[in-house]
Amino acid sequence: MEANHQRNDLGLVALTMLAQYHNISLNPEEIKHKFDLDGKGLSLTAWLLAAKSLALKAKHIKKEISRLHLVNLPALVWQDNGKHFLLVKVDTDNNRYLTYNLEQDAPQILSQDEFEACYQGQLILVTSRASVVGQLAKFDFTWFIPAVIKYRKIFLETLIVSIFLQIFALITPLFFQVVMDKVLVHRGFSTLNIITVALAIVIIFEIVLSGLRTYVFSHSTSRIDVELGAKLFRHLLSLPISYFENRRVGDTVARVRELDQIRNFLTGQALTSVLDLLFSFIFFAVMWYYSPKLTLVILGSLPCYILWSIFISPILRRRLDEKFARSADNQAFLVESVTAINMIKAMAVAPQMTDTWDKQLASYVSSSFRVTVLATIGQQGVQLIQKTVMVINLWLGAHLVISGDLSIGQLIAFNMLSGQVIAPVIRLAQLWQDFQQVGISVTRLGDVLNSPTEQYQGKLSLPEIKGDISFKNIRFRYKPDAPTILNNVNLEIRQGEVIGIVGRSGSGKSTLTKLLQRFYIPENGQVLIDGHDLALADPNWLRRQIGVVLQDNVLLNRSIRENIALSDPGMPMERVIYAAKLAGAHDFISELREGYNTIVGEQGAGLSGGQRQRIAIARALVNNPKILIFDEATSALDYESEHIIMQNMQKICQGRTVILIAHRLSTVKNADRIIVMEKGEIVEQGKHHELLQNSNGLYSYLHQLQLN
């Protein structure tokens, strides 16, 4: 009745869904009590105030249909008649709109005409204030500004060294001018000796300072690299499980590897070339003193370099994007192939896999070759501009010398100075591919670093839990346009109760436990432990107090002891052994040559499936969790190992709330209560013998199938 009443106020329904989309929990009745004063539903003003009270930033705008693809979605389409709906996605290519019908509680795809018929031009954009802060601090080139400020002393020293290098670079052409115009004309050998010694000293200082600058600069950029690498890994592990489920492993690895491109850029010559370019105004002043005409030729060439770069950069960026996409495909396919090597060998499909790899590799090589060709064209264009300027300067300079406006020494000095100006420009022009590549790398890496983590401000770390669990009016789907996985699930589990959950595949059994671990937040309803809403709880605090054993568990390439004591490496050995005995793992571990110090190999490859599963059970038990989840945990065990586990089940369950998910009904028949699920709903519950009495029930049907 309450759900139907809430469904009548579509504004309240929309607010609830948008708040939960932004990981904010709310009580609809409390919102209704505070803001729906006349009982007619939330008005526009009341809706905006209610959103503000939830730390949401909501803005009412009027937007033409043709510009809807530019707004941040999902957004609420506000209707004066109260028939509000959510706009989830705009498909501009096919003129279609993915919406969410709040009345029917289902996603809808509308054509252009259908959308125009119901759209009144009013939109409410919603974002969380935490995400606004995250967007302001997003990872891009500006991320390096605080790092530069942090190491400003080192960069200031680099700047000072660069100034001295430019002064030395200025002195050398002057020495050559003196030699050409004075020493050679007047045969001044003593002056020549002095200039030679001075020039040697300048060269030595220049080499030392240049090496010192490179060392100091590389040292500081290495620190920034360490900070970025550490930040990246911390952020990666803090991302919600949905981030990884929606992306290929190889694609994520490829994005993380883009850090290498940024590292090479930071420690390369590009940034020092920028510093050298900044001091070019000093050389221009001296060059102007020698010859304004020749200086104007040099100045006139600079826009040519810029225009050439502007012309070719967008093309290169598209080619680099394509190259990255092909590289990510290769990375994903390689990871998938190595991970599934047993299946590939067993099915003898290596030729087919090789054929697919060859095609993908050819596609990558082709895209890489196109990048190389374009980069070569760009570099040759730069060389053409440089050679053209050199010819013009030679012709004009010779005319000035012949007419007596310039001496030979001054012409040589001018050419040396112009070389000092053009050299960093050419280096940057030749490194423009690196700039483009780094820009792509920063964007790709930003996909990881700009994704919101699970850690939100204001999350509560509550006292040690007791084990009471409540699922209230739970409705959940993995994506807005995906089918409903859980629908109106209500379940109370008492502290210390052993609950079995059974049902057909896809009935929502495992999804229920994922909500309990706060991997996801329900679309509607609440998950509570000891009366505390998990949407408000710190995920790390919660998961440390829940033990989970899955059907396929992953062991790290460490010793058995380290795998069991993963959450607390300093754990006493007695606790590790006790947990291993409970899990039925101690006996086979003791028979190994190195016992608990045996390295299990990558993903536990050195152990059998049953052995890996028992170690995983020991790992879940070692922290003495108050809530224990067995999700098909014994399905991979042989009968002897399963018998050992079932014998110890009374000890395992003692003082804990236990949830057993199983297809084999023998695993759950001794549970205090058995929950039967079908199509996301609870259809039966009771003890084993009680459920068998209902001959028309699903549990009885599954029991008969297993008996037969």
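Every residue gets a Cβ built from N, Cα and C, even glycine.
According to DSSP, R504 (ATP binding site) sits in a coil region rather than a helix or strand. As annotated by Swiss-Prot, ATP binding site applies to G503, R504, S505, G506, S507, G508, K509, S510.
Here Swiss-Prot flags 1-126 as domain 'Peptidase C39'. According to DSSP, the domain 'Peptidase C39' (1-126) comprises 50 helix, 34 strand, 42 coil.
Under the heading domain 'ABC transmembrane type-1', Swiss-Prot lists 155-437, citing sequence analysis as support.
Taken from Swiss-Prot, the feature domain 'ABC transporter' covers 469-704.
Positions annotated as transmembrane segment by Swiss-Prot, on the basis of sequence analysis: 159-179 (among others).
Marked as transmembrane segment by Swiss-Prot on the basis of sequence analysis: 192-212 (among others).
What Swiss-Prot records for 270-290 (among others) is transmembrane segment.
Under the heading transmembrane segment, Swiss-Prot lists 296-316 (among others), citing sequence analysis as support.
According to Swiss-Prot, the transmembrane segment annotation covers 389-409 (among others), on the basis of sequence analysis. Remote same-chain partners of the transmembrane segment (389-409), defined as residues 6 or more beyond its termini with a Cβ less than 8 Å from a stretch Cβ, comprise 176-182, 290-291, 293-294, 297-298, 301, 415, 418, 422.
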Residues near G508 (ATP binding site) in space but at least six apart in sequence (CB under 8 A): I485, L486, V489, M677, K679, G680, E681
Listed in sequence order, residues with CB under 8 A of K509 (ATP binding site) and six or more positions away: I501, V502, G503, D631, I661, M677
Binding-site residues compared (S505, S507, S510) - the one with the fewest other Cβ atoms within 10 Å: S505
Residues within 8 Å of the G503, R504, S505, G506, S507, G508, K509, S510 Cβ centre (excluding the ATP site residues themselves): T511, M677
Binding-site residues: G503, G506 - member with fewest neighbouring CB atoms within 10 Å: G506
